[in-house]
Amino acid sequence: MGLPYGSIPRKTVPRAEQEHAMDYSVLMDFNVGLCVRGYCKYSVLFYGYYNNQRTIGFLKFRLPLSYLMVGVGTFGYSLMVVIRTMAKNADVGGGDGEDGEFTFAWKMFTSWDYLIGNAETADNKYASITTSFKESIVDEEENQKDENIHLRRFLRVLANVLIICSLGGSGYLIYFVVKRSQEFANMDNLGWYEKNEVEIIMSLLGLVCPPLFETIAELEDYHPRIALKWQLGRIFALFLGNLYTFLFALFDEVNAKLAEEESIKNASIWAMKEYYANFTVNNNDTEATPPPIDPADVIRGPCWETTVGIEFVKLTVSDIQVTYLTILIGDFLRAVIVRFLNYCWCWDLEAGFPSYGEFDISGNVLGLVFNQGMIWMGAFYAPGLVGINVLRLLTSMYYQCWAVMSCNVPHERVFKASKSNNFYMGLLLLILFLSLLPVVYTIMTLPPSFDCGPFSGKQKMFDVIMETIDMDLPAFMGTLFSYAANPGLIIPAVLLMVLAIYYLNSVSEAYKNSNMELKKKMQMQRDEEKNRRNNTDSTNQVMKDLEDLLPNRSLIPPPAPETSADNKSDTAGKSPKVSGKPGAAANGVNLQKDVSLATPNPRAAVTRPPGPRGPGPLPGNSLQVPGQGRGRGRGQPPRR
């Protein structure tokens, strides 16, 4: 929106660059040398194109305010989406119960999908079930493994030291390369490698370091599932460390450009005064209005925001090229060799080396996460980067789909999606937070360029918000915002939010522990019910001890109820109510029949005081009555 191309200097290619502005090499490199730049740099793709005019069009659209609010609102909306997705994934697979009970039986009888109608799908399902059994066997072996714990700890410490050294070395290499690229920017006649050294080094590190980490991880001898998470975490740390090292080196260049910008600003003001003075002297007319300077001839500042955006666009484009070339050479060419040379080779190429390439699910997901972090971080400096990423994702989907169907085989390791989703979403949430930090630092700390972008002419980028509050909102709204920005109110609000998060986390942990206890009680209850039905011993040790202490009352014959003719006539027309409790006859008492609640008490009324106890067996050691079998009590056997 706003003025068209060529109307102001920030939307116009300088005259010295117009000759080569449409060269393919210039368009692909975005910024090749001092005097060769393309149209892409002065287009809507980058920050510097947008005007600082406060309102645009008859709708009075506020472009600077919109640019800032959209840039910050993107992070807020993305944060909401990621957290909501993690909350949904937390409920998936939560009712599995005890996974370690009857593992092999469940896998044997419930793993097959009877709706399969394709032979290839059936083969893949068969391989998946086989691998699942192998994983379960590995789990059992890990539980029963007896190892030298001291040697294992030493090897794991050694592996982590080697990986930390690799991460530090890759970070130093990127910092060195970025610093050298700043020296190359002041040189002419550079070769292809010098122009693209930073992107080449970062892409090579992304290809070489993950296999190196996997080789070093063999020393740790972790469980395969744990080893996979460690591997993904280390690759993520590599990508993130390389990206932040690149940013730190880039911000050093930004500080240099800010120092250069002040001198260019003074030179542009001096050139403008000289132009007006020379026009007045040459025309001998002090009242004549000089024509405006052509936008292509105006002195330009370095526009450091566009420089940062160019680097992110170059990283994204180089990442697309490396990904596509890797699939074409590493997967397609490898599959062609295996397919057509397998008949005339010394060994089986499909079963041995090199075999068909596996589709790396975790690596591709991690690549998407890292790519999304670059988009979040660079979209503020290059708004068109979002459109480039959308085109990249669309083409990548069909390209990788073709590669999977024609060149790849299924991954050997079976992934449980319901238990892996939140792990990847957690990485995405982390990179979202880390991508927000450079943007916030830019908005709150660095001064914007004086001649490009929507915030030119202001001390800080966030000044546009204060300007909108002062000029567009009522006076009391400005007072409210000033109170809300008071540190005395912000600090207690932050503390209150921290306490609320701590409280909710504690409640969540309490609910989780309560659910675990309820699951254990339900499992114990099911075991007890099953044992009662099968007339087997109880598994509850506490109930065993209590039943051993109680007398064996099931050996005492029940007293015969005294019934009269009237009682017989009353009960003759009534059907007895049977208790429907399943455990009515399983409490250690050998009942002859279920008694209705309406029947009279069979015991006679007590009419005399209790006398001394007669001779007989002690409680818990009652003799067995002849003709009666032993009941279901837990007492000691009778002594003869």
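Keep in mind that glycine also has a Cβ here, set from the backbone N, Cα and C atoms.
Taken from TrEMBL, the feature transmembrane segment covers 65-83 (among others). Through the fold, the transmembrane segment (65-83) approaches residues 50, 376, 379-380, 383, 425, 428-429, 432, 435-436, 439, 443, 454-455, 461-462, 464-465, 468 of its own chain, all at least 6 residues removed from its boundaries and within a Cβ separation under 8 Å.
Annotation comment: TrEMBL describes 157-178 (among others) as transmembrane segment.
Residues or ranges marked as transmembrane segment by TrEMBL: 231-251 (among others). Beyond the transmembrane segment (231-251), the same-chain residues lying 6 or more positions past its ends with a Cβ under 8 Å from any Cβ of the stretch are 163, 166-167, 170-172, 174-175, 178-179, 198, 202, 205-206, 209-210, 213-214, 217, 308, 311, 315, 362-363, 366, 369-370, 373-374, 377, 423, 427, 431, 434, 438.
Averaged over the domain 'TMC' (303-418), the predicted model has a pLDDT of 83. Residues annotated as domain 'TMC' in TrEMBL: 303-418.
What TrEMBL lists as transmembrane segment is 374-395 (among others). Using a Cβ-Cβ cut-off under 8 Å and counting only residues 6 or more beyond its ends in the same chain, the transmembrane segment (374-395) has close neighbours at 43-47, 67, 71, 74-75, 78, 243, 247, 305-306, 308-310, 312-313, 315-317, 319-320, 431-432, 435-436, 438-439, 442.
Under the heading transmembrane segment, TrEMBL lists 423-444 (among others).
Counting residues 6+ beyond its ends, the transmembrane segment (480-504) has Cβ neighbours under 8 Å at 469 in the same chain. Annotation source TrEMBL lists transmembrane segment at 480-504 (among others).
Residues or ranges marked as region 'Disordered' by TrEMBL: 521-640.
Annotation source TrEMBL lists compositional bias 'Basic and acidic residues' at 521-535. With DSSP states grouped into helix (H, G, I), strand (E, B) and coil, the compositional bias 'Basic and acidic residues' (521-535) comes out at 13 helix, 0 strand, 2 coil.
Taken from TrEMBL, the feature compositional bias 'Pro residues' covers 609-618.
If you look up TrEMBL, you'll see 631-640 marked as compositional bias 'Basic residues'.
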Exercise. For the domain 'TMC' (303-418), give the DSSP counts of helix residues, strand residues and coil residues.
Key: 83 helix, 4 strand, 29 coil
Quiz item: Do any residues of this chain, six or more beyond the ends of the transmembrane segment (423-444), have a C-beta under 8 angstroms from a C-beta of it, and if so which?
Solution: 68, 71-72, 75, 78-79, 82-83, 85-86, 89, 229, 232, 236, 240, 244, 247, 251, 305, 365-366, 369-370, 372-373, 376-377, 380, 460-462
